[in-house]
Every structure is written in C-alpha cells, then in structure tokens.
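> Please see the structure below; I have some questions.
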Amino acid sequence: MNLEAVNYLNMFLGAGAIFLQIFAVIALFLLFIGPKQNIFLSFVDKHYLTLGFIISLLASLFSLVYSEIIGFVPCYLCWYQRIFLFPLPFIFGTAIWSKDRKIVKYVLPLLGVGFIFSVYQNFFYYFGGGSSLPCDASGVSCYQQLISAFGGYISFPMLALSGYLALIAIVLVAHFYKKED
C-alpha cells in the first residue's frame, strides 16, 4: 500500500475508534445511570452478537492488514492483545450460527485480560514516556508512533483500547440490561 492509502486508512480507523469510544461511554452511562427502559440499550442487547462479531472481526482483520500487508511489526504487548482478540470473531460467529446468546462467560475473560494489557500499554504510551515500556530485543518498540491521527490521540494502542472498550460495553449491556422492571 502506498503512503497516501495508509494515511486514509489511519484516518478511517481513527474516526471509527472515536465512534467506538463514544458508543461505549453512552452505552455504559445508560446501562448504569440512565433510564431502565431505553431504545439504544434494547438495540444493543438485541443485536449484541452481531455487533460483537463485526467489531471483533474488523479489529482482527485490520490488525492483520497492518502487520501482514502494510508491514508494521507488532510489539509484544500488541501480540498479547491479539491473543485475546483473535478468538472473539469465532466465538461470536459460532454463537450467531447456533443462536446461543449465553456466551458472556466465555468472552468476558478474554475481553478483560485484553483490556488490561491495552490499558497498561496506553498508560505507558501516553503518560510514561518511551523508555518505560518493556519492549523486547527484536527492536520493535511499543512506543514507536506508526499511527498518529487526530492530533496524536489515535495510535495503535488507542485503537486496541477502543475496540476492547466497545466490546466490553456490548457484552455488559447484553448481560445486565433488563427490558422490564
């Protein structure tokens, strides 16, 4: 891919990450603070398997596009996050296929561990300085700015955090949202 195409992809994914962040904040706010009956939460609850499948599939595919097609080598913290992300499209897809909505106990541990790695990486990426991240001897730096969209706010670590946050919000809505009170 040429540099211009990569820049457009970065902007597209950056806008998507910001959308996912807004989506997750609204969903969690409405779930825990908002009114008990809500059209937005009803939609998320009804379609959570499809939403989870789409988000996890796109996150997995774009992660592979950046590493295998564009040539950005992931650091080892990114690899740990990938370990917990890559099974999710299969779990959500199988749940859609078998019409099984009871997968929260399977996906929440994967999402939780991936989210913790992502928070850790983002904390050091944005606040700890480059020398604070424990990068391996391969020369791939966790701090290297390969994506810097929206004034430096969107980076690889922030893309991962946005995906994990949105998936956790969707799963929590599916688990805790009650339509009738």
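Glycine residues also receive a Cβ, built from the backbone N, Cα and C atoms like all the rest.
Because TrEMBL annotations are produced automatically, they should be read as predictions rather than curated entries.
These figures come from a predicted structure and were not determined experimentally.
Annotations per TrEMBL:
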- 12-35: transmembrane segment (TRANSMEM)
- 47-67: transmembrane segment (TRANSMEM)
- 79-97: transmembrane segment (TRANSMEM)
- 106-127: transmembrane segment (TRANSMEM)
- 147-177: transmembrane segment (TRANSMEM)
> Go through the chain and flag residues at least 6 beyond the ends of the transmembrane segment (79-97) whose CB is under 8 A from any CB in it; none is fine as an answer.
49-50, 52-53, 56-57, 59-60, 63, 103, 106-107, 110-111, 113-114, 117-118, 121, 160, 163-164, 167
> Which listed stretch (12-35, 106-127, 147-177) has the most C-beta pairs under 8 A with the transmembrane segment (47-67)?
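It is 147-177 that shares the most Cβ pairs under 8 Å with the transmembrane segment (47-67).
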